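Single-structure report; data block below.
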Amino acid sequence: MNTLDWTQLTADARTQALTRPVQTVATQTREAVATLIADVRARGDVALREITARFDGVTLESFAVSDAEFAAADAAIAPELRQAMQDAVARIDTFHRAGMSEGYAVETAPGVVCEKIVRPIGRVGLYVPAGSAPLPSTALMLGVPARLAGCREVVLCTPPRKDGSVDPAVLVAAQLTGVRRVFKLGGAQAIAAMAYGTDSIPSCDKLFGPGNSFVTEAKQQVAQSGAAAIDMPAGPSEVLVIADAGAQPAFVAADLLSQAEHGPDSQVLLLSDSDALITAVQEQLDLQLAQLSRADIARQALAQSRLIKVATLQDAFEISNRYAPEHLILALREPRAWLAQVEAAGSVFLGDYTPEALGDYCSGTNHVLPTSGAARAYSGVSVASFQNMVSVQAASKAGIDGIGACAVILARAEGLDAHANAVALRMGVAA
């Protein structure tokens with residue numbers, strides 16, 4: 001990892017230090033994704049089979065996972081893995097259920113009641129990536145809130161393996177959350193299929209899930225076309241750690257590596273006011289990296305990541321808010337005291353004993369989070385992500401008589417005579 005002193009960097013160098021790797025390739029992928037989406041729209045399942053053969057190395061007769069495949073997956077996974085997923089589902093359910101909105105009603109004036117009612121989105125599409133490793137945890141993170149929201153239909157796409165099967169843990173995770181419509185389809189082509197629909201894949205109202213730069217670009221393109229809404233830009237994983245001199249170097253290094261092993265386009269950043277801590281973390285990175293099964297992938301990610309020395313911890317928070325990380329770890333002696341300084345982050349992890357990996361799997365919070373700086377304006381997935389909040393209002397005759405003049409005056413100011421007349425007629429006065 002590159003080690004930098006923030007106080008010695010120019011404005012341009014500071015911008016470069018916080019530039020994410022994916023941002024440099026977005027323009028290269030945009031045209032390729034647009035071509036692929038157009039092909040799926042035009043040729044449907046035929047295009048999907050050709051694209052799947054090209055990218056996944058398998059020709060599929062059917063994209064849908066059969067009951068027999070679900071049963072085989074159920075028999076294939078280890079009992080301890082099943083139990084771990086069941087435990088995770090319970091905690092994810094507990095956390096997300098506590099945050100559910102029940103709507104509300106308020107009388108804004110005598111005889112005028114305004115409400116918000118909550119309705120589930122009808123059909124949602126979940127994407128569970130498996131590019132460098134299958135991610136059954138993502139199926140849990142998306143399936144639980146979709147179930148709690150009460151969505152009428154939930155569709156899940158995940159890439160096939162070269163033998164035409166799907167990772168059994170992903171299928172069991174889907175079953176544990178009540179999802180049975182699973183399709184063997186990955187990448188931008190899966191996003192296109194769920195957005196526009198084909199003979200095999202139903203079109204969905206909203207799409208969810210993380211992915212590589214191609215998946216993220218595909219989600220943004222289908223959203224811009226109006227074909228389907230999306231949860232957020234959720235691209236390559238990233239973590240930013242703010243650590244003080246009292247942090248455990250081994251813990252910090254382990255947290256950095258846990259993100260670096262996701263993929264070569266992941267980014268990890270460490271901000272610290274301690275030279276000694278930064279040096280010790282670098283040593284730990286070298287030691288721990290040698291023990292990882294995905295060391296080559298992690299090494300590529302580390303090559304474009306940063307260890308940054310800051311003058312003060314306050315400076316670190318200013319940098320973090322500018323970067324708006326997906327994951328923010330506060331390896332500090334009084335982490336909760338610093339929490340008020342956080343303005344933009346997907347998920348925050350407080351203290352030495354809250355590794356980001358807990359949030360990835362089983363603490364209960366959601367791990368589908370905004371990346372690439374989107375945490376400035378987006379939140380992570382929740383039950384509300386799968387729901388619509390519908391406004392309702394009801395006015396009695398006394399109610400419209402009481403507030404109608406306000407509407408008439410505002411309508412006239414905007415030159416909208418019909419608006420004014422619609423109110424005035426009910427009041428029994430001339431507009």
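Glycine is no exception: its Cβ is also placed from the backbone N, Cα and C atoms.
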Per Swiss-Prot, Ser237, Gln259, His262, His327, Glu414, His419 bind substrate; matching candidate in Asp167, Asp199, Asp205, Asp360: Asp360
Cα separation, Asn212 (NAD(+) binding site) to His262 (substrate binding site) (Å, whole number): 10
Any further residue of that chain within 8 Å (Cβ to the Cβ centroid of Tyr127, Gln189, Asn212) of the recorded NAD(+) site: Pro129, Cys157, Pro159, Gly186, Gly187, Ala188, Ala190, Ile191, Gly211, Phe214, Val215, Ala218
Proximal residue to Tyr127 (NAD(+) binding site) among recorded positions His327, Asp360, His419 (C-alpha distance): Asp360
Secondary structure of Gln189 (NAD(+) binding site) (DSSP, helix/strand/coil): helix
Residue with minimal Cβ packing [other Cβ atoms within 10 Å] among the recorded positions His327, His419: His419
Residues Tyr127, Gln189, Asn212 [recorded NAD(+) binders]: greatest CA to CA distance in Å: 13
